[in-house]
Each structure stands twice: as C-alpha cells, then as structure tokens.
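Asks: One structure, pasted below without further comment.
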Number of protein chains: 2
Amino acid sequence: MENISVGQYDLIYNAFSFAFATLAAATIFFWLGRSQVAPQYKTAMTITGLVTFIAAYHYFRIFESWEAAFNVADGTITATGYAFNRAYRYVDWLLTVPLLLVELILVMGLSRSETVSRATRLGLLAALMIVLGYPGEVATTNGARWLWGSLSMIPFLWIVYELFVGLSKSIAAQPEDARGLVSTARYVVVGSWAFYPIVYFAGAVGLDGGAAATVVEVGYTVADITAKAVFGVLIFLIAQRKSVAYFASLRSAGQPAE
Amino acid sequence: MENISVGQYDLIYNAFSFAFATLAAATIFFWLGRSQVAPQYKTAMTITGLVTFIAAYHYFRIFESWEAAFNVADGTITATGYAFNRAYRYVDWLLTVPLLLVELILVMGLSRSETVSRATRLGLLAALMIVLGYPGEVATTNGARWLWGSLSMIPFLWIVYELFVGLSKSIAAQPEDARGLVSTARYVVVGSWAFYPIVYFAGAVGLDGGAAATVVEVGYTVADITAKAVFGVLIFLIAQRKSVAYFASLRSAGQPAE
C-alpha cells in the first residue's frame, strides 16, 4: 500500500465514514422497529440491530486506524509507520456473520427444536468459515493463502447448501406474502458474500498497490453494508408482514396496536 | 480559501456547531414523537429521525475537519495544510436525500404497492442526483462543473415532476386537515433544494475566496436544516393529524392513548 494516492486515500476514508453512518443509523432503525413486530419476532429485530451495531463499532475503529496509518498534508500523502489494522474486519465477521444467519432463522418462526438446531449449525459453520480464512489473510506466502482460503470455502459451501436446500421446505411453508422476501434474503446473503472470496484471492494472484487497496476496502465496505443493513431491512419487512394478523387481533380486541 | 478572515472562519465555525445542535435535538424530537402517532406512521417518524441523526453525525465531522484545516491564534488565521473535507456533504446527502423523500411517501399512507414503487423511484433518482453532482464539485475546470451539474439537474427535475404531477392525485386523496401540510412539505423540499444549485454554480462562475466560502458553507447549512429538521416537523404534524381518529378509537375503547 506504499503507492496510494491522496484521491484513493480520501475515497477509502469517506467510504469508512459512510459505512459508520449507515450502520449506526440502521441499528437505531432496527431497534425502534422492535415495537412494530409481534412478540415472537422481537428477538430477530434485536439481533438484526446487534449485527449493525457491532459493525458500526468496527467501522469506527477501522476509520481511526486508517487515519493513523497515513498523514495527508499540503496535498501529499506519507505513511506514518503505524500499520492499518486489517484484523478488525475478521473480529467483526466472527461476531456478525453467525448472528446474521441466526436473524434469518429467527424471523422464519420455525419450531423451537428446528430453530435451535439450524441456528446452531449455521452459526458454527459461519464462525468456522471466518476462523479458517484469517490465517490466509495474514499469510506471507501465496501457498498459505490458497490453502486457508480453500479450507474456508468448505463451511461456506455448506452454508449455501443449508440455505438453498436445507431451508427450502421451511421457506415453502412461510405465509404467502412473506415467502418471496425470505427467499430474497438468502440471495442477498450469498450474493453479498460472493464479493469476499474475490477480494481474498485477489491478494493471492499478486494484485497490490493503491488501486488494489481501493478495490478491497471499498468493496468490503459495500459488501458489509449489503449483508448487514440491506439484509436487515428485509428481515424487518418479513417480520412486519408476519405480524399483521397479530396486530389485527389486538385492534379487534380494542387494544392499542403497539 | 486562502484569503479567509478570522471573522469569516468564526462565522462558519459557529454555523457548523449550530447545525449539529439543531439536528441532534431534532433527532430526539422525532424519535420521542413516534409514540404520539398511529402505528402506520411510526416508520415515517423513525426515518425522519434517522435523516437528522445522519446529518448531525456529518456536521460533527465537518466541524472537526474545519477546525483541523485552520489555526487561529493571537487574532491571525493560518492554513494548517490539512484539507477541509468537502466530501462529507455528499456522503451525507447520498444517504439522507433518498430517505427524506421516503419519509414523505410513508406519511402519505398510500397502498403497499404504490408506496414501494414511488419510494424506490424517488430514492434512486435522489441518489443519482447526488452521485452525478459530486464529480463537478471536486472538478478543477469550470467545464466539468457545468457538465456534471447539468447532468445532475436531470434527476432533480424528474423528482420535481414526480412530487408536483405524479403525486397530485394522491395528495388530493389525503384527509382534508392534512392535505395542506403534505402539499407544503413538497414546497419545503424543493424550495430548500433550490439553494444547492445556486451555490454549486457559484463556483463555476468564478466566485472564490473567504466571502464565497462563507456564502457556500453557511448557505448549505441553512438549506440542510430546512430540508431535514423543518421538513421533519411537517412530517410529524402530518402524522399526528392523521392519527387523531386512531387515538379517539383507543379512548372510546377505554385504552390509554399512548
């Protein structure tokens, strides 16, 4: 990252600030939204907000680490010698990726035993995927990067299988006006995740310098906002549609609808 | 901005601090107001508060960036070499301008399909307007400023058309005591936006120096407060008027009205 330009530095800087603002705002949106869903979906909304809250915290740290790594004055950029901490992303994912799969399971309103078994399996697979990816991210040889990256793909593919084959029966059993959204939510998860291995292996084929850093950092940022905030809005819409009958029953009993 | 005086610097500094205080206070007003509107308007109030929350965050950053760009001591001002980050405004608008159009659609209480289609169209047009404006804002030639500024006017005019022609039927269908406020809200949006292109093209006709910076920064600040906080108060008043029947029905059922 020695050859980064002021323009590239600024773009990444503004992308980090944008992500912080978006994720912090999304957190409050989800937590306020708790009052607009039926009791059985409140935990899903709480966790949806936890995911964006944890991510907002890490983007704040990432922003500060980025600011500390370079000095930009009088239109020129110099490295300060303080390393940009790449580990923040992995620490974030280790917490947020299992949780966002749990959100999806919770909002589906499955039986208690199916909820526990699916949420546990998907959560552990997601954590394993992140843990296996990290040694490759910080590896100094391409061989190690390919090895750990490939190992990390095993739980990744297993998660894809669970979401598209394992869950297909449960999705078919969702109420009609929520079914399409639940299915879309799976595509948003897997679609936004597709970006991560592209960036990961870009490092293994020798892509480097300021342009590469820009693609990596801005790309991860867009993927994180999609997988956490956009995905969370889908979870909220699903929960809200599935709560219509609950609030209608309260109103017909003369109760306040919230 | 080399020729800025201490008085001009102080005026801009205080305007930024004023904007932060106003937008932060407005945020809390809107979120507390959620409990005073019927369930179908709660998301509109949440988003109204998100807009001012995101703007308050950016004014805090803008304030800090302004402070870092100049050193004022013993009555003299010197540039520190750290650039004032103009991009914060665009990052803010990219998030808040689509959201404030969504607020207006949500408080109108249209059908689900009309809400989705109008909110999506207006949100995307607003984002496009901001994205097209940015290259002109940072351009070094007047030609580029005019080009991008003119391109940005296309989605702007389309939004005006949507608000004044596309929405006219839906506004006519609003309850009588809210209709005038909904119509006024459109004028506040478009009226406050009219300031942005004036400032934008002021740069293209060669206006520069400390006086120009003061007009630009204070002008953008007044426009932001109007389009976000004042507009938000109108959204709250509309939601409150449309909630009167709901709370009356709760009271007649012997329920607490909040």
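Here, residue 1 is simply the first one shown, and the rest follow in order.
Keep in mind that glycine also has a Cβ here, set from the backbone N, Cα and C atoms.
TrEMBL feature annotations, pasted as is:
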TRANSMEM  A:12-32  transmembrane segment
TRANSMEM  A:44-60  transmembrane segment
TRANSMEM  A:90-110  transmembrane segment
TRANSMEM  A:122-140  transmembrane segment
TRANSMEM  A:146-167  transmembrane segment
TRANSMEM  A:187-206  transmembrane segment
TRANSMEM  A:218-239  transmembrane segment
Asks: For the transmembrane segment (A:90-110), give me same-chain residues lying six or more residues beyond its boundaries with a C-beta closer than 8 angstroms to one of its C-beta atoms, as numbers and ranges.
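Replies: For the transmembrane segment (A:90-110), the list is 40-41, 43-44, 47-48, 50-51, 54-55, 58, 118-119, 122-124, 126-127, 129-131, 133-134, 137, 159, 167, 170-171, 174, 182, 185-186, 189, 224, 227-228, 231-232, 235, 238-239, 242.
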Asks: Count the CB pairs under 8 A between the transmembrane segment (A:218-239) and each of A:44-60, A:122-140, A:187-206, then give me the winner.
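Replies: Between the stretches A:44-60, A:122-140, A:187-206, A:187-206 has the largest tally.
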Asks: By a Cβ-Cβ criterion of under 8 Å, what residues six or more beyond either terminus of the transmembrane segment (A:122-140) are in contact with it?
Replies: 86-87, 90, 93-94, 97-99, 101-102, 105, 146-149, 151-152, 154-156, 158-159, 162-163, 200, 203
Asks: Can you name the far-off residues of the same chain, 6+ from the ends of the transmembrane segment (A:146-167), with a Cβ under 8 Å from a Cβ of it?
Replies: 101, 108, 118, 121-122, 125-126, 128-130, 132-137, 139, 186, 189-190, 193, 197, 200-201, 204
Asks: For the transmembrane segment (A:12-32), find every same-chain residue at least 6 residues outside the stretch whose CB is under 8 Å from a CB in it, and list them.
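Replies: Apart from its flanks, the transmembrane segment (A:12-32) reaches 45-46, 48-49, 52-53, 55-56, 59-60, 62-63, 66-67, 213-214, 217-218, 221, 224-225, 228-229, 232-233, 236.
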